[in-house]
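Everything on this sheet refers to the single structure shown next.
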Amino acid sequence: MEEAAAAVLQVLFQKLIEYSRDQVSLVRGFRNEAEQLTRTLGMIQAFLRDADMSSISGGAVMKWLTDLGDVGFDADDVLDEIIYHQLSEQSKADKMANKPMKRKVLSCFSFCLHISRARSMALRIQQINRNLRVINQRAADLGLVGRLAAAVPTLPDVARETDSFSVDPIFIGRDEIKSKIVEQLTACSTTDERISILAIVGMGGLGKTTLTREVYNFLKDENRFGSHIWVHVSRNLDPLILFNKILKGLTSPSQVEIGDKEGVLKELEVALKNKSYLLILDDIWNESVLKWEEFIHPLLRVSSMKGNVIVVTTRSMDVASIMNPLHKHELQILSNEDCWSIIKEKTFGKENVPLAFEASGTKIAEKCNGLPLAASVVGGVLLCDKSEEKWHSIKENWLSRYEGNDMAQILKFSFDNLSLPSLKKCFAYCSIFPKGYKFKTQTLIEYWMGEGFLEADDSSDMESMGEKFIHVLLRNSLLQIAERDVYGNVESCVMHDLLHDLAASVLGGSFKKGEITRVRYMFLKLDSRVVLKENERYLRTLLSMYHMNDCMFSNFKSLHVLAFESWHAEELSSEIKKLIHLRVLDIDESSVEYLPDWIGELFHLQTLRACNRKLKKLPSTLKNLRNLRHLYITKGVELFAKIGRLTSLRTLQFFRVGDNNGYKIEELGSLNCLKGKLEIDNLERVRNKEEAEKAKLSNKPKLLELYLGCQTGREGETTNDENVLEGLQPHSLLKQLEISGFGGRSFPSWARNMEVDNGLPFNKLVKITLSDCSECEEIPMFGQLPNLKCLRLYRLRNVKSINSSFYGAVNDETRTVFPVLEELMLDDLPKLTVLKGIESVDASAVSVFPHLQKLRIEDCRVLTSFPTHFWSSLKDLNFSRIGSYKPLADIFQTELTLLTELFIDGVDDVESLPDWLFYSIPNLSKLMIWKCSNLREIPDGLGTLNSLKVFRIGDCPNLKWIGDLGVQQSQESLRSLTSLGIWKCEALLYLPCEMLGSSLKDLGLRDLSSLENLPEIIACLLKSPCLSSLEWLSIDASVGGLMDIVNGCSSLYVLELEGMESWENLPESIQYLTTLSNLWLENFGMEELPEWLGNLSSLWELRIRNCKKLRRLPSLDAMRRLTELFSLSIEGCPEICVEEASDAADSQWPNISHIPDIFIDGRRIEAAAASLLQVLFQKLIEYSRDQVSLVRGFRNEAEQLTRTLGMIQAFLRDADMSSISGGAVMKWLTDLGDVGFDADNVLDEIIYHQLSKQSKADKMANKPMKQKVLSYFSCCLHISRDRSMALRIQQINRNLGSINTLATGLGLTMRPTAVPALVYSARETDSFSVDPIFIGRDEIKSEIVEQLTACSTTDERISILTIVGMEGSGKTTLTREVFNSLKDENRFGSHIWVHVSQNFDPLILFNKILKGLTSPSQVEIGDKEERDVYGNVESCVMHDLLHDLAASVLRGSFKKDERLQKLERVRYMFFENDSSAVLETNEKYLRTLLSMYHMNINMFSNFESLHVLTFENWFGEELSSEIKKLIHLRVLDIDKSSIEYLPDWIGELFHLQTLRACNRKLKQLPSTLKNLRNLRHLYIEKDVELFAEIGCNKEEAEKAKLSNKPKLVKLYLGWDIDKEGETTNDENVLEGLQPPSRLEKLAIKGFGGKRFPSWTRNMEVDNGRQGSRLPLNKLVKITVSDCSECEEIPMFGQLPNLKRLRLYRLRNVKSINSSFYGSVNDDTHTVFPALEVLVLDDLPKLTVLKGIESGDASAVSVFPRLQCLSIYDCGVLTSFPTHFWSSLKDLNFRRIGSYKPLADIFQTKLTLLTGLWIVGVDDVESLPDWLFYSNPNLSYLTIFQCSNLREIPYGLGTLNSLKELCIEDCPNLKRIGDLGVQQSQESLTSLTKLEISRCEALLYLPCEMIGSSLKLLRLEDLSSLENLPEIIALLPKPPRLSYLRITGGPQFRTTCFVGIPPPFCSLVWLKIDASVGGLMDTVNGILQGCSSLIGLELKGMESWENLPESIKYLTTLSLLSLENFGMEELPEWLGNLSSLRQSCIYKIVRS
């Protein structure tokens, strides 16, 4: 690819040459450097041409090209910066032009800056020159020569493509299979299957997508399905992403992605309601059954419609098989003839091919190998030069250069033949978009421009050149058309996956996943953020799909293109100002309201996209952007003055004329480059024709769409409009014209004279719209416009007739009028009476409206006459609100054989439609008739309309008959009818039963009071198959027989039933409607609802109305089973009691209190609202009484407020305790809450300012008198604020007074209070008991434990056990007991607990499982309660039922339901992605905000009431200054941020109580924190620098008063371990830091004293008989580390609760003496009574750990509970106590110089030992013979680096608990002793992992060790192992062996090995040295059964010329490593390994 890379770089260096020569050399001070640079760049360009054209290649050339690219991009930045500063100086000069002389003189001082910058830039250019000279020299050394430029290549002519509507790519050779697929899909659409799947399979380039698109468009044109969706899938089949794409396809491309699966599925359910669909899933690679099921199973439930179809395309038959398709089509290659046909079509179109081209063409076609993509691509190349010589040359070069069948080489051929290097670069650039991405062509051209790839020439500007490039790439099939606009122009493109791979391989500096290079172009996704960070300074294009941190933009110093697909910011980050190279800025998706002024300093900017709905105004500085070419904004945005200065502007879609200079229409005059669309508003402000002509619209040939608008509803004279519009004549190439609000009577001459005299002036017009032209009397003559397709006339209130002049002059030359018009609309022409026909001698010979398809006439009340012909081509006729039937009757005189839709609305005088009507319109599919008050009958023949799908009649009160259907009884009528609705036709007597056909899905019959054959209709319905698909049923059940319909409705979602009071039971058939979501019951007579109602598991809404006798609802159990029930409404049921506060025995409140929405007689019931408000108002009383009243100036207001609040509190107690309720009370509580929260904010603000005042006084205390005097001037502000606050309190008092009055009116009384006492339980604080209590489940617990234990030993991959029960029955408690029991037994390798709840999202579950397996600290929300090491409750969880209760009680919390967003005044919120809208509307009310996601830093100031602010995810590196304004803040949690320094203003949050800042990057706290006197909790990391320091002697240390802090439980005391000098003072300091006696955890690090202080040494029972207690008897854990001078360990042995003792790096401790244990006497017979873990690590001088020295040491119990003993790096340790160790479970002995201490330990019987690690003990030769016999529980045994170990003792086989055995680096180990079991017994039954490596002397490995439980076997570097063949023969024995490595074994003869039978189905990794004699056959045997193999590492021999063929069947293989083989080439079948991600090939001798 070197030549391709060189071609791409040529673009960059050609740009640099022109930049240096044409622009930089003109800048003052840079001429010499620029000329030198131009010469150097010319030499580089010559070398690049040689690299592009020559065959020199290799790694050195690629390295040269890479280095050259780096230097080139640096040079581009430097030159660009020079021009930037030049533009900046010009802009400043323009500003100074009209300024006073004084300011001009001052501006001269900037000259120094200019000189300094110029010097710096010159030096940078000189450095670049030097670098390029070095590059030139390297090129010569590589053999490259300077090649002169040949003739400048040109673009081929592309005129053929510009306005073509032809389908691309060409479709040839697939007609038969297309017809077959269409036939199959059509059949599928009529089946009873929910989803049918069809798969199209074939290799890349075979035309799968093209064929599928043909099928898709054909079915879409036929309207075969309700919805048609196309989704490109590619490699990542993520169900959530797919569902979002499907939703966008159904709704809108701008549809915001929904973050949760449940939410998007609900939206899909709505979008697909009552619709069938055809879904295309293009290019699927997924081979996971699980992922497919995650996608297809929810999709099956989303729609109940039948006949849906999914078509998938894929390259793999395995992928297709996973989907279980109904039909599968494997595409075959095309014939050579078909390929030749494609090439001919591509090159010659419909022309005949000259014979001279046949021979070359057919040969070229043969090389396409039957691939249509190859043929299309090659055809595009041949089109460029249709000369015989060129074709022959291409054939010869192609055949010789591109040998083989590689598709990539064929595509590369097309790339090589692109004529321009810039075109190649533009093609390669397209690969930055993801595969399958549809990119807008205009946007792509703007990106190309921004990167400098496009160069204008004499005939074309850059945009035109970009359009030509697009068409060349399309013509060469390097791009494919995705969408066209209404004019047929290409709007968006897509790139084939194979071409995407080619482009990506060519483009240097693009981000390729898995390859980290210097990235310059990037499409940012979440998984590429690391790459983004590493490449900030190199990036030139950044297209971001996600919100980015504001603070990082300045790092992107080279950025040219910046675009966002998602951007939450409301202000544009000022960091973007620094991006001086920026050409394209796209902030369409932002929420920015005002662009900053500095946007006018981005002088290179070419494109600004700001089409966001919130943008209001553009800054005036934009007029400085003289390079701006495209400005995209929405219509309402206010423009800036003097836009006419932007003479380069091509895109300006909206211009509003103003009265002031700079805003007048003349500003458009200089913008002659404008193209596309332009809307001009407020034309009434243009004074005359002369002023209008200054816009020079006729000089803008590229303007295609023009809107000219005046304000409607103007009063006064409007005659000037005619003159103005006369002066606004557009260019004749205009395609779309709209005129609105025009006030003249006649249109201008250029609009009136559109006829064939001397050529049409506007013959390109496609669409014309005239609206709100209130004075206009005549319509211009549009009939001769040859391209007009759409004509719309709206609200022309003065037009009385449309005369024959409308059609234009008709003569012998013009026999067709409106030749291509397809749509004609006349809407709201209230005076129009007639539309006349052609008035000519031979009118019948004139063709009028020959292509008209849609005619819409609305609100033309006096219209009476219409032409009687013209209408034969009509397909859609809409006739609404017309006073007379006559015009419609005129139309009906034409035979409307093509009509498909007929809509008649509001035609009062129609009595009947023509009798012959239905017989003459066979294609009619939709017929709707509304509000025709005199219509009496529907004519005969309705049944003949076999295409009719929708038939609806409504509001026709006199309709009596629907005529005979016109078909025989044996024939089925209306077989396509799916929707039938007849409403409010009270006179209708008869409805033909034949209309209820089998295809009916929607039936509505309402208000048909005269219908006589209703029983027959019901009988027909009962027999109809349509009932099974019915989704909505609303019936009056009192009508006989209607209830029987319910029995057949298996798919019902909504059921509305109206019964009779005499009915005492509900119909029992309802209980089987499990799909029911809405049930409405009215007018029944039962007293209670049945229990089976609880079976309706999908029920979401239950409405009960006018059931007068109803007293009871179903039981609590039944109501709880309705898990989806969200809303309950009861109205007009007087006997039922459901009030919350009722104490009646039959109150139904307990049964329904969990339901979120409850409405009783129209009022909403909310629980416990009054009691919660009491908390708020009690706080207000105390606040007002105890704090605010003490503030000077507020005493009177505070006392009055206290009294008022007391009355409110009394009323609240009454509301809480009494039974008074209802909507009025709830409204009173809501209003009271609002006032209460406002009052809280006001009082809080008063105290805040008081605290602020105190803080300032403290600061002034030590300042000079001058500053004190100055500070008194702030008194005015204080007085003003006090007055304002006093007024606010008075207003609150008045509001509360009104609330008190309302309370009295509601019947509430003031109830005195008795303060209840809190029942305190001390049981929780230090208890280790399990909570909740576990009683009554022991038997089932034992049974489950037994079952799970049995499951763990089976051969099943996964066994599943379920525990089922109603809420509250203890399922979770029982499961936790079982879980903990098995975890304590260590029964499984991993134990994971996941709480699932209602949202079963596999992705979320997998993440939770992963977090449970790795780091619990990453868990987002705790799944179960946790305790700390002391047993204190650390975290809690709430039961689901209690959560429902709490949520129903809490007012002001955000409650979200996927189907119903209930937006209230939210005060407490847990913020997630999908609740942004709620957050935005409730900013000012929020008091608690817990955010899971990063938020925009500019929005915090809006949260003016916030008390608690917490972030779980915060990308910011600085704390937003907006938070400073949150004066009520109590809690701030920024643990998850990246902040390094907290700002000083943090000390102004005077109310702050808790600050959490435990982020790893925080370095220092500001000194202002000392002002926060209310701060109670400060959480920081260990290394954070505080704002004060502790002193350095005992007296200063004692000032810390640690002993006076009884609640301190954890204490760390540390010194700098790297400090130098005297450390004796450390002893005094530590003496003064004595902690409190209740301390639980103590760590001392870096202490430099020799002896520890007295309070650590005297930890023994002094005077124990007198009852004295230990000074630190609560200690649980002690850690002593890095105390380098310490010589003795304190006496810790008597601490009664000590569990963990860890001693690290005590470099001077030589022995641990008996004093370590403390005094032993008659009262203390136990030492270290609770110690469980003892660690001695890195004590290099320690020689001995002594035992107890007392008279009767054997009577003393030492370490009775010690479980873990770890001794590391004690190199001179020689002696250890010989007892104490019987309780040990883990023994870890590493890097100890002598075996003697370990031998001492082994003198104790270690019967409980489960883990033994012996590492680096050199002098051990053998372990004790009895060791294994006395340790039956040993599970883990590791022996490592024991160089003198010679044997493993007998008895290893008796260790039936042993799971892992690892022996490594024991070079003298010769034998492993007898296993110690009989041959008939199986040994090592639990062994799963066996690793023996680098034991070169080992002779024999017992075969019995290869047991059935083995999962991992690693035997490496065992060069003496004699029985390796026997071991290999046993490999099939373990059925679950998943990891096998055998390397470095001895050599054997081939005959030594026995064949290995398959399968090895569990094996996932195999590493084997097949060069060991005879192992090749063994490898083949193993590989034949490896169906799950992921990794294969294979070493062979040089004599082997072939790979084992069994490898080709390993389709799951992702890593393949091959070493030391002798083949010359790798086999073709290697391409079958579709999952392969990584391959390592080395030492292949003949490759």
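Note: Cβ is positioned from N, Cα and C throughout, glycine not excepted.
Annotation comment: TrEMBL describes 8-96 (among others) as domain 'Disease resistance N-terminal'.
According to TrEMBL, the domain 'NB-ARC' annotation covers 178-351 (among others). Each residue in the domain 'NB-ARC' (178-351) has a pLDDT score, and their mean in this model is 83.
DSSP places the residues of the domain 'Disease resistance protein winged helix' (432-503) in helix, strand and coil in these numbers: 33 helix, 12 strand, 27 coil. Sequence annotations record features per position, and here TrEMBL assigns domain 'Disease resistance protein winged helix' to 432-503.
Taken from TrEMBL, the feature domain 'R13L1/DRL21-like LRR repeat region' covers 665-794 (among others).
Annotated domain 'R13L1/DRL21-like LRR repeat region' per TrEMBL: 1063-1125 (among others), in sequence order.
Look at TrEMBL and you will find 1173-1260 (among others) tagged as domain 'Disease resistance N-terminal'.
The domain 'NB-ARC' annotation in TrEMBL covers 1343-1426 (among others).
Here TrEMBL flags 1497-1590 as domain 'Disease resistance R13L4/SHOC-2-like LRR'. Across the domain 'Disease resistance R13L4/SHOC-2-like LRR' (1497-1590), the DSSP tally of helix, strand and coil residues reads 18 helix, 18 strand, 58 coil.
Look at TrEMBL and you will find 1593-1704 (among others) tagged as domain 'R13L1/DRL21-like LRR repeat region'.
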Residues in the domain 'R13L1/DRL21-like LRR repeat region' (1063-1125) grouped by DSSP into helix, strand and remaining coil:
16 helix, 12 strand, 35 coil
DSSP-derived helix, strand and coil totals, residue by residue, for the domain 'R13L1/DRL21-like LRR repeat region' (665-794):
28 helix, 28 strand, 74 coil
The domain 'Disease resistance protein winged helix' (432-503) and the domain 'R13L1/DRL21-like LRR repeat region' (1063-1125) contact flag, 3+ Cβ pairs under 8 angstroms:
no
Using DSSP, tally how many residues of the domain 'R13L1/DRL21-like LRR repeat region' (1593-1704) sit in helix, strand and coil.
22 helix, 20 strand, 70 coil
